[in-house]
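Trainee: One structure, as structure tokens, below. Some questions next.
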Amino acid sequence: MGEEDSIYTQDGTVDYRGDPAVRTKTGTWKACPFILGNEFCERLAYYGMSSNLVLYFKNHLNQHSATASKNANNWSGTCYITPLIGAFLADAYLGRYRTIAAFSIVYVIGMTLLTLSASVPGLKPTCVAKDDCHATAAQSAVCFVALYLIALGTGGIKPCVSSYGADQFDDADETEKKHKSSFFNWFYLSINVGALIASSVLVWVQENVSWGWGFGIPAMAMAIAVVSFFSGTRLYRNQKPGGSPFTRICQVVVASFRKYEVKVPENKALYETADNESAVVGSRKLDHTDDFRFFDKAAVELESDEMLKGTVNPWKLCTVTQVEELKAIIRLLPVWATGIVFAAVYSQMGTLFVLQGDKMDAHIGPNFEIPAASLSIFDTLSVIFWVPVYDRIIVPMARKYTGHPNGITQLQRMGIGLFISIIAMLSAAILELVRLREVRRHNYYELDHMPMSIFWQVPQYFLIGCAEVFTFIGQLEFFYEQAPDAMRSLGSALSLTTVALGNYMSSLLVTIVTKVSTKDGSPGWIPDNLNYGHIHYFFFLLVILSVKNLIAYLFIAKWYKYKRPLGTLR
């Protein structure tokens with residue numbers, strides 16, 4: 001499609017660093033507006049379609065509440081698992097540009113089909129009233145085919161777009177490297193601006209105009225996202241895919257076990273290519289590290305490792321860089337695991353925070369009520385507020401004291417976010433204690449909405465948004481930077497899976513506490529009428545888990561060794 005004409009040399013290697021003319025014409029902030037525009041439109045499309053999906057299932061596909069909730073959760077979980085597919089294809093075979101381009105088209109097809117299923121007679125459910133509809137099996141099938149095409153499409157975009165934007169900044173240039181950290185901040189801001197419009201304007205369109213327009217506008221937004229992405233084609237810097245990362249990892253494991261009796265030389269004379277370029281396409285060489293030394297055996301040279309004509313069998317002998325790739329992934333896993341508890345806290349905005357707010361007074365003036373779910377806007381507004389504050393005020397101030405180009409390290413940034421999330425859950429728990437005290441004092445047990453303003457929830461939403469700016473954006477940058485060069489899409493996908501696992505963890509905790517707390521006829525912690533419940537116990541449980549998670553994270557962060565790249569990209 002012309003994206004490689006001025007970027008790759010005739011042998012296919014990345015050459016913008018070696019050609020000053022190409023380097024000055026491509027990448028950096030010149031290319032980023034097209035990528036940020038793509039992300040803004042794609043997230044507007046995604047949240048515009050997904051925010052109200054459970055109500056569409058219930059009211060238009062005529063599904064029971066439990067079934068609608070389960071189908072929405074299953075689909076949402078799939079959207080955070082499919083990035084592993086897109087990441088593998090991008091790192092191994094297609095590259096990030098082609099992966100985004102191909103999966104964006106799949107996404108648009110899915111959005112178009114979903115719009116048709118909600119607007120074309122014969123495809124859309126038959127309605128006798130606004131929220132009294134009946135869908136045939138075929139109509140439901142068309143809807144779910146469209147949704148899972150979207151899930152597949154987003155799986156190719158999510159793990160690649162942030163990494164592709166970061167690719168536009170050269171790690172070898174200190175000025176560009178500093179801007180890379182800023183890119184992640186503005187990337188996350190673009191996500192939240194899209195989400196803000198979706199959760200306000202598009203939800204209103206779906207409930208007050210029609211679902212055809214409610215899905216059609218996100219479909220148009222996604223089409224604009226594709227146009228925005230292709231518009232910047234000749235400005236992008238591209239990295240050549242490095243082949244299957246799983247194959248390289250397996251080669252190191254197999255070679256290590258084949259040589260389990262071999263001792264690693266004390267002088268650390270291990271096998272590596274002689275020139276500056278790595279044997280792994282799309283990757284710089286990595287410096288040797290002393291941990292996980294068992295895998296160093298894969299790089300110990302033996303006479304039996306050589307094949308005909310001096311070539312090497314990669315299942316018997318691996319380079320130091322290949323070994324360090326595996327070590328880098330192993331080091332990432334404990335940091336990744338600590339993100340799951342944070343994601344479980346984050347998921348409360350769509351569940352227990354909403355149920356808590358539903359029992360409070362939602363009036364703004366005498367005639368208007370704000371839906372409890374709409375308070376998540378304050379989370380989005382918090383992100384929109386904190387991103388420029390962090391990027392323009394906190395980072396420069398911190399840089400003066402620490403001397404670090406980014407002000408603070410990525411691990412420090414994520415740790416601060418984990419701490420703020422604890423304060424957010426404490427805020428939610430204290431609010432519920434105060435609310436229940438008022439219920440008991442004035443006997444409000446049977447009231448649907450007690451006379452206590454829903455806006456008392458704003459602090460917990462605002463704190464979650466602040467925690468996002470530190471932890472989620474920190475994760476985006478950390479997993480991109482610390483993943484091996486040829487596995488960066490996979491690193492981004494790995495960070496995304498914490499969201500899915502956090503949701504699953506929250507569901508598991510709810511299931512366990514409900515089963516335990518409802519014994520002997522007790523209403524339990526989370527009954528249908530929360531005025532008889534104790535959801536503050538659940539919030540305190542998450543506080544305890546978050547404190548333990550933060551303590552574990554501090555030990556992991558102290559143990560963690562940042563990767564040390566050498567040489568140039570191949």
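Along the chain as shown, residues are numbered 1 onward.
Placed from the backbone N, Cα and C atoms, the Cβ positions cover glycine too.
Straight from TrEMBL, here's the annotation block:
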- 100-118: transmembrane segment (TRANSMEM)
- 138-157: transmembrane segment (TRANSMEM)
- 186-205: transmembrane segment (TRANSMEM)
- 211-230: transmembrane segment (TRANSMEM)
- 332-355: transmembrane segment (TRANSMEM)
- 375-395: transmembrane segment (TRANSMEM)
- 416-434: transmembrane segment (TRANSMEM)
- 454-473: transmembrane segment (TRANSMEM)
- 493-514: transmembrane segment (TRANSMEM)
- 534-556: transmembrane segment (TRANSMEM)
Trainee: At a threshold of under 8 Å on Cβ distances, which of 332-355, 416-434, 534-556 pairs most often with the transmembrane segment (493-514)?
Mentor: 332-355
Trainee: For the transmembrane segment (416-434), which recorded stretch in the set 186-205, 332-355, 375-395, 454-473 gives the largest number of Cβ pairs separated by under 8 Å?
Mentor: 454-473
Trainee: Does the transmembrane segment (186-205) reach the transmembrane segment (138-157), going by 3 or more CB pairs under 8 Å (6 or more apart in sequence)?
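Mentor: Since fewer than 3 Cβ pairs under 8 Å link them, the transmembrane segment (186-205) and the transmembrane segment (138-157) do not come into contact.
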Trainee: Under 8 Å between C-beta atoms and at least six residues away from its ends: which parts of the chain pack against the transmembrane segment (100-118)?
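Mentor: The answer is 1, 38, 42, 45, 49, 56, 60, 86, 94, 124, 139, 142-143, 145-157, 160-161, 164, 210-212, 214-216, 218-219, 222-223, 225-226, 229-230.
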